[in-house]
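Listed in TrEMBL for this protein:
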TRANSMEM  6-23  transmembrane segment
TRANSMEM  69-88  transmembrane segment
TRANSMEM  108-126  transmembrane segment
TRANSMEM  132-152  transmembrane segment
Amino acid sequence: MEAGGVADSLLSGACVLFTLAMYSTGLSDLRQMRMTRSVDSVQFLPFLTTDINNLSWMSYGALKGDGTLIFVNATGAVLQTLYILVYLHYCPRKAKIIQTRSTRRLSFPLTIATLLTSASWTLYGFRLGDPYIMVPNLPGILTSFIRLWLFWKYSQEQDRNYPLLQT
């Protein structure tokens, strides 16, 4: 196998691994919703946008004939749909919007997983010379860095402690 082929296989594997790990971060939210029988500490929007994103990328993977894109996004679509159904099951009728300077409603594992996933897919798209894979993942990198900055800025919060981000 050529060096480029090995690198491509390793990068494809990293994309699959990081993406599946990112999707699995929702399992902790799922467990939290089932234990508390509420959605108070869980955000709905990431589930919805990721599900729509998965369906779009799965379609693109099918058009391109890329098994990596099809596999990870089919898996993601199933998991995100499950998360959405559980969320809707425990969701109260009225949503409350509270403006705080708190990272309590942000998921640190999801932030790290999104950064790794977006970066690996950007590299995968760059390696294939495919801007349709590379460019859409750049916002994931940017928003992950913004969320990491928020965790750093509001890291003194009592209910969450991220020692790696404290100076």
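If you go along the chain as it appears here, the first residue is 1 and each next one adds 1.
Using N, Cα and C of the backbone, Cβ positions are placed for all residues, glycine too.
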## Note on the structure
With the greatest number of Cβ pairs under 8 Å to the transmembrane segment (69-88), the stretch among 6-23, 108-126, 132-152 is 6-23
### Query
What same-chain residues lie close to the transmembrane segment (6-23): Cβ under 8 Å, and 6 or more beyond its ends?
50, 68, 71-72, 75-76, 79-80, 110, 113-114, 116-117, 120-121, 123-124, 127-128
